[in-house]
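Lifted from TrEMBL, the feature list:
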- 103-326: domain 'Radical SAM core' (DOMAIN)
- Cys117, Cys121, Cys124: [4Fe-4S] cluster binding site (BINDING)
- Lys329: N6-(pyridoxal phosphate)lysine (MOD_RES)
Amino acid sequence: MPDAVAFSVRAAWQQELAQAIRDPLQLGQLLDLPETWVQQHAGARELFPMMVTRHFVNLMTRGDCDDPLLRQVMPSADEYLERDGFVVDPLQEQNNEHPGILHKYKSRVLVILRGGCAINCRYCFRRHFPYAEHHFGSEQRRQLLDLVRQDTAINEVILSGGDPLLATDTQLERLLSELESVPQLRRVRIHSRLPVVLPSRLTQQLAKRLEQSRLQSILVLHANHPNEVATELAQGLELWARHGITLLNQSVLLRGVNDDVEVLSDLSEKLFAAKVLPYYLHQLDAVKGASHFAVTDAVALTIAEGLRTALPGFLVPRLVREIAGEPSKTPLELSRC
Ligand SMILES: *Cc1c(COP(=O)(O)O)cnc(C)c1O
Ligand code: SF4
């Protein structure tokens, strides 16, 4: 839990977060999963803790070990597989000059505002990230402001994590006020999976504050499967859209979850019905412990072609890969890995 929470009345989303499920055996019971199957996989929590909100669990099908949402959060014995090229720090982020601030692309700077998440995705490229060393405190805030004041090529600040919406509305409002004082900044962007797993996080208070800002604001969600676009989420997104916030989504292409044209088409359609445009479809970062989620480039490109045929152009996400050292994300068509 974020430290400031203890001193104020908890918001609804904070109370829900405190109820998150961290024990695979408990998850198995809630979902009526075969006990032997759960036992076989539960041990992999030692590699990366399990965490999932009750809202997300409620979107899973009882008794289905292959449920696409379950697969994203349930520890798996496959995480012990060693595979060439799957490493601890695939993006070489861990020797950063300013901890918590990633300035890889010219016009935008990304800050790791909060280390934790409300869900631990098994495929996460930051599953081995030393978050404890990356707390975004007053020192980091000063460094960020110094950086954006000095480097006038930066016109956009991206709040990322972990999950930046684990910060309270008050903390976010204070940071926003500071960013508004930097003349060349145009936009603030929030990269968050929290609304998907905890829709009550889409508070009206924060939406109103963003609407009043001189800076344009963008929320980039992270949903991978149409079953994640629940009614409660769609309602929260409608509210934020009414406050003028641009809504985008990024997904990770995951074997056994969404490596399918029909599933991804459904996702795009459901997102658009909730006022969200697809942005990126990421080819998995080769992080140790997640190789069983990998989709080959050949299959990924075939899926992308299928999406172009099935959907209008504005509902087709850009299929990209992140390559350490490149000045932007790389379209898969151009990447050689
Ligand atoms: C992905 C990423 C961004 C954002 O890239 P866009 O193409 O603008 O969405 C910015 N900084 C870092 C370090 C990133 O990994
Ligand atoms: S929400 Fe994002 S950062 Fe957090 S565990 Fe999932 S993939 Fe990783």
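Positions of Cβ are set from backbone N, Cα and C atoms, glycine also.
All annotation found in TrEMBL is predicted automatically rather than curated by experts.
Locations of recorded TrEMBL features on the structure.
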{"residue": "Cys117", "record": "[4Fe-4S] cluster binding site", "DSSP (3 states)": "coil"}
{"residue": "Cys124", "record": "[4Fe-4S] cluster binding site", "DSSP (3 states)": "coil"}
{"residue": "Lys329", "record": "N6-(pyridoxal phosphate)lysine", "DSSP (3 states)": "coil"}
Cβ-Cβ distance under 8 Å to Cys124 ([4Fe-4S] cluster binding site), same chain, at least six residues away: Phe48, Cys117, Val287, Ala290
Filtered recorded positions, from Cys117, Cys121, Cys124, Lys329, whose Cβ is under 6 Å from an atom of ligand 2: Cys117, Cys121, Cys124
Where the C-beta lies under 6 angstroms from ligand 1, the matching recorded positions among Cys117, Cys121, Lys329: Lys329
Lys329 (N6-(pyridoxal phosphate)lysine) and Cys121 ([4Fe-4S] cluster binding site), distance between Cα atoms, whole Å: 21
Surrounding CB atoms that lie within 10 Å of the CB of Cys121 ([4Fe-4S] cluster binding site), all protein chains: 22
Cβ within 8 Å of the mean position of the Cβ atoms of Cys117, Cys121, Cys124: remaining residues of the chain near [4Fe-4S] cluster: Ile119, Asn120, Arg122, Tyr123, Arg126, Arg127, Arg193
